[in-house]
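Undergrad: Structure in structure tokens, see below.
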Amino acid sequence: MPELPEVETSRRGIEPHLVGNVIQYAVVRNGRLRWPVAEEIMKLSDQLVLSIQRRAKYLLIELANGWIIVHLGMSGSLRILPEERPAEKHDHVDLVMADGKVLRYTDPRRFGAWLWSDDLERCSVLAHLGPEPLSDDFNGFYLYTRSSNKKTLIKPWLMDNKLVVGVGNIYANEALFTAHIQPDRPAQTLTEREAHLLAETIKKVLQRSIERGGTTLRDFLQSDGKPGYFAQELFVYGRAGEPCRICGEQIESIKLGQRSTFFCRHCQY
């Protein structure tokens, strides 16, 4: 599933091609995504793109009369292509631009979404979200304060979008390893020092992944069609049974909150 770094990589990749350009019209080949493609999108005509923003794992395309909200779901990706490039089986939505390019949305599993909002402040999918992990609002003091009396296990707790957005399964695993914190401890056991280290580590892991173009494990591609390269730097995620890159002990895997969790029992405590 594309997580925050992959969505931010997509945003940065499409921004130079869309901002200041005009969407002539949209082509919707299959509108049966997680939610039906918004009617406002299907009726787009000659709309100037003002900005491309991101909130959590949602891409926000600002137009004069509203916002296109895109979620990549489990297997979605966005590419900038020539208009004449034929669509393939899983290419469901195109935004046809005035300069002859298209923004093409590909989603084999169709769990993504193309929504519309006239007012982001009243948009239900963006309500009740926690702070952005790369913002100043997310820090060790915030994390330590929120962990007080929390019996939830640390890893599922980190993945709660009401606590902080965008720390998905890959990056929760990697951040906890780098911070030397066992993923199945109750959140309330975090010390103040650990909370500060964990907040700092989450920022560094996410930023490094963004710099490397995200993590491609299966379907994700950058806007130019290239994979993300952070997968080559993973310490624990997807490495059950392999030796730890730090100590050589075997990486273990358990289920927490119905999600696969990877850790090194020697390096994390």
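Glycine too: its Cβ is placed from the backbone N, Cα and C atoms.
Pasting the relevant annotations from Swiss-Prot:
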| type | residues | note |
| --- | --- | --- |
| ACT_SITE | PRO2 | active site, schiff-base intermediate with DNA |
| ACT_SITE | GLU3 | active site, proton donor |
| ACT_SITE | LYS57 | active site, proton donor |
| BINDING | HIS90, ARG109, LYS150 | DNA binding site |
| ZN_FING | 235-269 | zinc finger |
| ACT_SITE | ARG259 | active site, proton donor |
Undergrad: Name the one residue among GLU3, HIS90, ARG109, ARG259 whose Cα is closest in three-dimensional space to that of LYS57 (active site, proton donor); these are the recorded positions.
TA: GLU3
Undergrad: Out of HIS90, ARG109, LYS150, ARG259, which of these recorded positions is nearest PRO2 (active site, schiff-base intermediate with DNA) by C-alpha distance?
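TA: With Cα distances computed to PRO2 (active site, schiff-base intermediate with DNA), the winner among HIS90, ARG109, LYS150, ARG259 is ARG109.
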Undergrad: In sequence order, which residues at least six apart in the same chain have a CB under 8 Å from the CB of HIS90 (DNA binding site)?
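TA: Correct list: THR106, ASP107, PRO108.
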Undergrad: Please give the DNA site's span as the largest CA-CA distance among HIS90, ARG109, LYS150, to the nearest whole angstrom.
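TA: Taking every pair of listed residues, the largest Cα separation comes to 42 Å.
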Undergrad: To what whole number does the mean pLDDT across the zinc finger (235-269) round?
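TA: Over the zinc finger (235-269), the predicted model scores a mean pLDDT of 97.
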Undergrad: List the Cα distance (Å, whole number) between ARG259 (active site, proton donor) and GLU3 (active site, proton donor).
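TA: Rounded to the nearest whole number, the Cα-Cα distance is 15 Å.
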Undergrad: Going by DSSP assignments with H, G and I as helix and E and B as strand, what are the residue counts for the zinc finger (235-269)?
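TA: So the counts come to 0 helix, 12 strand, 23 coil.
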Undergrad: Could you tell me the C-alpha distance between ARG109 (DNA binding site) and GLU3 (active site, proton donor) in angstrom, no decimals?
TA: 16
Undergrad: C-alpha of GLU3 (active site, proton donor) to C-alpha of LYS150 (DNA binding site): distance in Å?
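TA: Taking the Cα atoms only, GLU3 (active site, proton donor) lies 25 Å from LYS150 (DNA binding site).
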Undergrad: Check each residue in the chain of LYS150 (DNA binding site) that is at least six apart in sequence and keep those whose C-beta is under 8 Å from its C-beta; list them in sequence order.
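TA: Sequence-distant Cβ neighbours: TRP157, PRO186, ALA187, GLN188.
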Undergrad: Among the active-site residues LYS57, ARG259, point out the residue whose Cβ has the most other Cβ atoms within 10 Å, with all shown protein chains included in the count.
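TA: Top count of Cβ atoms within 10 Å goes to LYS57.
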